[in-house]
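Presented below is the structure to which this report refers.
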């Protein structure tokens with residue numbers, strides 16, 4: 001199956017989710033400008049004058065290139081959000097390519113502003129997400145998992161912790177559409193054990209119910 005067709009399919013599917021997160025646009029487009037030095041702040045990006053927009057504002061090249069998975073978790077996410085593609089501003093959609101080394105992991109994380117729909121194009125992925133805290137305190141957070149093969153699609157609801165793990169002996173590749181121009185990502189381990197400044201070990205010791213030395217070791221890994 002051609003990558004181009006798969007990308008089109010992802011964008012088409014994700015477009016139905018677009019209005020679940022980001023506000024509806026009030027004009028045809030709003031190409032983002034570099035506002036790092038701007039004195040006006042908006043919920044998104046400042047718009048370029050539409051008369052100055054060009055086709056390049058709506059173009060990105062490079063998702064045919066594999067990401068470098070030579071890292072501790074064995075995966076690489078290549079994003080195409082409003083920071084890489086200015087024309088996405090106000091459109092409520094973005095895209096990522098994810099490469100996985102054999103037994104590579106996209107660690108448990110959340111997207112605070114987006115639902116994610118993922119399609120596998122190569123390899124075998126074990127994926128899953130966990131529900132939020134149940135209303136009944138006697139119940140546990142429920143885990144939903146599935147093993148995916150090329151052509152399979154799985155959706156991760158907005159804000160919920162999820163992951164993907166390459167269970168095969170060959171590399172895997174997936175593409176995902178997200179229902180926000182800037183979905184954000186909170187990788188759980190990095191955020192909890194690698195924050196700057198670090199979270200107090202007293203807090204984490206009580207939260208995880210482990211010895212303080214375990215917390216200090218985990219913080220040292222990040």
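Placed from the backbone N, Cα and C atoms, the Cβ positions cover glycine too.
Bear in mind that TrEMBL entries carry predicted annotations, made automatically and left uncurated.
Pulled from TrEMBL:
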{"type": "SIGNAL", "residues": "1-20", "note": "signal peptide"}
{"type": "DISULFID", "residues": "30-47", "note": "disulfide bond"}
{"type": "DOMAIN", "residues": "61-216", "note": "domain 'Cupin type-1'"}
{"type": "BINDING", "residues": "106, 111, 116", "note": "oxalate binding site"}
{"type": "BINDING", "residues": "109, 111, 116, 162", "note": "Mn(2+) binding site"}
Shell list (oxalate; ref centroid = CB of 106, 111, 116; cutoff 8 A): 96, 109, 110, 114, 118, 156, 162, 176, 178, 183, 185
Cβ neighbour count (within 10 Å, all chains shown) around residue 116 (oxalate binding site): 25
Cα-to-Cα gap, residue 162 (Mn(2+) binding site) vs residue 106 (oxalate binding site), nearest whole Å: 9
Inter-residue Cα distance where the pair is residue 30 (disulfide bond) and residue 116 (oxalate binding site), in Å: 23
Residues flanking the Mn(2+) site, with Cβ no more than 8 Å from the Cβ centroid of 109, 111, 116, 162 and excluding those residues themselves: 110, 114, 129, 156, 160, 161, 183, 185
Segment-level pLDDT (mean, integer) for the domain 'Cupin type-1' (61-216): 96
Spatial separation of residue 47 (disulfide bond) from residue 111 (oxalate binding site) - C-alpha basis, Å: 24
Residue pair residue 47 (disulfide bond), residue 109 (Mn(2+) binding site) - Cα distance, angstrom, rounded: 30
Residue, out of the disulfide-bonded residues 30, 47, whose Cβ gathers the largest set of other Cβ atoms within 10 Å: 30
Residues that sit under 8 angstroms from residue 106 (oxalate binding site) by C-beta distance, when 6+ apart in the chain: 73, 75, 77, 98, 100, 163, 164, 165
Nonlocal residues around residue 109 (Mn(2+) binding site), in sequence order (Cβ under 8 Å, 6 or more apart): 161, 162, 163, 185, 186, 187, 188
Number of Cβ atoms other than its own within 10 Å, given for residue 162 (Mn(2+) binding site): 22
